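According to Swiss-Prot, the protein carries these features:
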| type | residues | note |
| --- | --- | --- |
| BINDING | G169, D170, R171, Q172, T173, G174, K175, T176 | ATP binding site |
| SITE | S370 | site 'Required for activity' |
Amino acid sequence: MDIRAAEISAILKEQIKNFGQEAEVTEVGQVLAVGDGIARVYGLDNVQAGEMVEFESGVRGMALNLEQDNVGVVIFGSDREIKEGQTVKRTGAIVDVPVGKGLLGRVVDGLGNPIDGKGPIQSTERRRVDVKAPGIIPRKSVHEPMATGLKAIDALIPVGRGQRELIIGDRQTGKTAIALDTILNQKPAHSGTDENAKLYCVYVAIGQKRSTVAQFVKVLEDQGALEYSIVIAATASDAAPMQFIAPFAGCAMGEYFRDNGMHAVIVYDDLSKQAVAYRQMSLLLRRPPGREAYPGDVFYLHSRLLERAAKMGDAAGKGSLTALPVIETQANDVSAYIPTNVISITDGQIFLETDLFYQGVRPAVNVGLSVSRVGSSAQTKAMKKVAGKIKGELAQYREMAAFAQFGSDLDASTQRLLNRGARLTELLKQPQFSPLKMEEQVAVIYAGVNGYLDKLPVNKVREFEDQLLGTLRSKHQDWLDSVRDSKDLSDANANTLKGVVESIAKSFA
């Protein structure tokens with residue numbers, strides 16, 4: 001075989017010409033010490049705050065403390081595989097998570113990795129978890145209602161799209177139940193075709209038991225609500241950095257809907273546990289402690305998270321992200337550090353009480369202490385018309401009920417007030433998993449406020465309500481449709497309703 005030298009040199013030249021000049025440079029550091037989920041790393045001089053780093057074992061961490069001679073890294077996962085002297089390399093990426101509609105119906109961890117065994121996430125877009133909240137100009141004031149399906153909330157403490165409404169109460173008072181009912185109440189909208197009516201739901205479970213989260217997901221599945229929801233779970237057995245980052249990850253997923261002209265609601269359940277996880281991380285990183293040993297920036301931790309919930313203006317696509325943070329109090333102490341912080345950040349709070357819960361008032365909302373600072377600007381006209389009086393009457397009732405315990409001889413007007421209050425309180429009770437549509441709530445509250453229940457025994461109020469709703473659904477569907485479409489209670493509709501309510505009241509007389 002004849003080999004020509006010219007040919008060989010031509011082949012060599014061709015290969016040399018295409019030889020890649022770029023060499024991959026990665027900055028590598030060394031683990032100085034590791035323990036309690038924190039690694040001290042030497043040699044990562046150019047690492048950014050909040051950057052993801054990777055350890056030899058494949059475990060990831062986030063650089064939080066940038067000191068003169070070392071970097072404090074919190075570890076997302078177990079630190080058992082990490083040994084002193086091992087190498088750590090920069091990834092060059094700030095912590096980000098997958099976002100988009102591909103996450104709907106899935107359960108993921110704090111970094112967006114699936115944990116439900118349904119295969120990889122179908123998502124192409126990623127977003128940073130910690131971004132700046134929208135400024136003042138792109139926002140719009142809250143003006144559309146975010147229906148929870150609960151009479152006590154939609155009538156008295158209305159929540160609007162883009163609002164931040166805190167759910168606060170002791171353990172076992174039904175905080176998660178309110179959030180769950182709100183998610184289930186969005187099902188009818190998702191069955192329809194009106195994209196603007198749809199509200200996508202993001203639920204972040206922080207520091208909860210795995211069994212509790214599994215039960216929550218099962219209820220969503222059984223009720224057909226998982227298909228428009230995303231569940232982010234950083235359970236009690238997960239590392240503190242996971243519990244710290246999960247709310248930010250959930251927020252980034254919710255912001256995808258907000259920024260693309262859609263509407264979403266995010267539930268942080270609960271932020272007390274996130275604050276505890278952050279306190280643990282901060283103390284281990286040797287940051288100076290403040291009140292109740294929380295770090296000085298724990299207020300900023302929650303404010304930068306909750307400020308990202310917003311109603312966007314017309315130029316920014318009209319989307320919205322509503323936040324329902326949950327805070328667990330100890331023995332109804334609302335004046336502790338974290339509760340006062342979050343109350344001051346949010347636009348109102350739904351205050352749940354153990355005593356009410358055990359008296360059978362469920363949802364156990366204390367109407368006197370609960371407020372919505374956005375208030376009636378987020379209510380439909382129909383609801384405003386009927387629910388205007390109810391708050392005042394209940395406030396008077398509570399005041400009188402306290403005095404009535406002492407005196408037996410009460411005048412007629414006081415007796416009337418006490419009667420009405422007892423029946424309105426009964427009317428606001430609602431079993432779990434049975435949210436009501438806005439127009440149905442209007443009918444029920446109309447009956448209560450206009451005195452049709454005053455002569456009824458208290459134990460018949462629920463029966464009256466069921467009969468009223470049954471009659472409207474079977475014989476007056478056109479009335480329900482009319483109120484729903486117009487969002488107002490016209491005189492003609494009010495007269496129709498009056499007739500229906502009066503006929504049912506007669507049957508109870």
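Just so you know, glycine gets a Cβ as well, placed from its N, Cα and C.
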* Asked: Near the Cβ of T173 (ATP binding site), how many other Cβ atoms are there if near means within 10 Å?
  -> 27
* Out of G169, G174, which of the binding-site residues is least crowded by other Cβ atoms within 10 Å? -> G174
* **Additional residues surrounding ATP, by Cβ distance to the G169, D170, R171, Q172, T173, G174, K175, T176 centre under 8 Å** => E328, L352, T354, F357, A364
* Return the residue, from the listed binding-site residues R171, K175, with the maximum count of other C-beta atoms within 10 angstroms of its C-beta. => K175
* Structure fact -> Reading the DSSP string in three states, the entry for G169 (ATP binding site) is strand
* Structure fact -> DSSP, reduced to three states, assigns T176 (ATP binding site) to helix
* Once the chains shown are all counted, how many other Cβ atoms turn up within 10 Å of the Cβ of S370 (site 'Required for activity')? -> 21
* Asked: Could you give the Cα-Cα distance between Q172 (ATP binding site) and S370 (site 'Required for activity'), in whole Å?
  -> 18
* Structure fact -> Whole-Å Cα distance, K175 (ATP binding site) to S370 (site 'Required for activity'), is 13
* Which of the three DSSP-derived classes (helix, strand, coil) applies to S370 (site 'Required for activity')? -> coil
* Cα within 10 Å of S370 (site 'Required for activity') - qualifying binding-site residues among G169, D170, R171, T173, G174, T176 -> none
* Across all protein chains in the structure, which of the binding-site residues Q172, T176 has the highest Cβ count within 10 Å? -> T176
* Sorted by position, what residues of the same chain at least six away from D170 (ATP binding site) have a C-beta under 8 A from it? -> E328, T329, Q330, A331, N332, L352, E353, T354
